[in-house]
Amino acid sequence: RYEPTWGSLDSRPLPAWFDEAKFGVFIHWGVFSVPSFGSEWFWWYWQKEKREPYVKFMEANYPPGFSYEDFGPMFTAEFFDPNQWADILKASGAKYIVLTSKHHEGFTLWGSKYSWNWNAVDVGPKRDLVAELATSVRNRTDLHFGLYHSLFEWFNPLFLEDTTNVFKTRKFPTSKSLPELYEIVTKYQPEIIWSDGNGNAPDTYWNSTGFLAWLYNDSPVRETVVTNDRWGVGSICRHGGFYTCSDRYNPGHLLPHKWENCMTIDKRSWGYRRNAQLDDYLTIEDLVKQLVETVSCGGNLLMNIGPTHDGRIAVIFEERLRQMGAWLKVNGEAIYGTKPWRAQNDTVTPEVWYTFSPKEGKVNAIFLNWPVSGTLELGEPQAKLGETQVKLVGYKELLKWVALGEKGIIIALPQLTPKQLPCQWGWTLQLTDIN
């Protein structure tokens with residue numbers, strides 16, 4: 001059994017499924033999807049920081065005295081079809097999803113008994129959105145279902161009172177935040193608890209170690225659940241299951257601890273923005289590059305979409321998800337279940353990243369640019385004459401190669417028309433029998 005101390009909790013081995021999965025989809029959905037302007041931090045930027053674009057947006061489009069709470073009933077979700085979402089998520093090639101059960105605005109996407117009249121069952125859709133998505137994902141896919149939960153809430157009076165008392169009082173965590181965490185775990189049995197938003201309070205205020213000890217020892221998901229590292233000031237990148245370190249974290253080198261790169265397809269926001277331009281969205285080339293770099297360095301990629309207030313996954317997000325799925329259909333064996341190799345990227349040719357498939361003993365070299373010369377030089381592999389084999393994933397015949405002294409290899413790529421290429425945005429060479 002685990003003790004409620006970081007020393008004990010951090011000794012828990014991360015359930016193997018998470019490292020093998022490599023790729024998940026993050027979903028930021030809530031009342032902030034109604035104004036869908038600027039950012040999911042809309043309420044804070046408008047009311048607390050009084051940023052000019054937000055103040056002007058409200059003055060121009062809403063009557064005087066309109067409050068953020070007035071957006072609640074407008075979060076309608078009339079087009080939300082959880083089966084359709086599940087099918088799109090499955091088509092992305094992701095192995096897990098993480099839905100924002102509650103963001104910093106405090107609105108819960110389930111009928112929480114600790115969030116009276118500020119939840120999706122009492123207000124807005126009048127539906128338990130968490131339950132509906134969980135059911136569809138579990139019935140139609142083999143994806144692991146995870147939930148994001150914000151510890152703090154910007155404007156909750158109990159939290160503000162505790163803040164004023166420099167967290168010497170603990171009214172908010174004992175009456176709101178912790179009961180909600182126990183509630184979602186017991187009710188929905190998520191296999192990921194993605195905690196966020198410490199409100200500048202230490203983990204002792206949140207009783208994070210107490211909750212995690214229960215989660216790992218006695219909860220219905222104790223065997224399979226994974227957690228992140230956002231459990232109070234000072235815990236990020238130091239304690240918890242996998243490390244997130246910061247948003248859009250992509251160190252570009254191998255880390256000693258399992259980590260995750262959580263990032264957004266919309267470069268500027270996690271929530272949906274109605275006024276986003278095409279330029280604001282990462283291309284599929286950008287996304288494949290992020291995935292390959294992340295996995296090579298031992299991380300998982302958690303790629304975020306923001307649905308609309310009426311429950312649609314915008315077409316641009318759907319396209320990116322399906323493109324990623326199409327790429328993974330061809331190259332998945334170089335991603336899923338792999339381990340980092342001794343070199344993460346090539347020393348001679350840029351934009352070449354390595355993974356290792358332990359079961360088959362294969363080294364995967366994923367190259368993002370097809371060379372004009374038709375030959376690819378790799379500085380890292382040590383080939384063995386008469387033994388090493390090189391294969392382009394998705395192409396039948398073996399490739400010819402020449403070794404370059406002690407280390408390095410030149411590979412002749414097949415001459416293919418664009419239509420004959422196994423995929424369009426990055427290709428995998430499988431090398432067997434190399435030192």
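Glycine is treated like the rest: Cβ placed from N, Cα and C.
Some features that TrEMBL has for this protein:
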- 1-333: domain 'Glycoside hydrolase family 29 N-terminal' (DOMAIN)
- C262: site 'May be important for catalysis' (SITE)
- 344-432: domain 'Alpha-L-fucosidase C-terminal' (DOMAIN)
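Confidence over the domain 'Glycoside hydrolase family 29 N-terminal' (1-333), given as mean pLDDT on the 0 to 100 scale, stands at 98. According to DSSP, the secondary structure content of the domain 'Alpha-L-fucosidase C-terminal' (344-432) in residues is 3 helix, 36 strand, 50 coil.
Counting Cβ atoms from all protein chains shown, C262 (site 'May be important for catalysis') has 24 others lying within 10 Å of its own Cβ.
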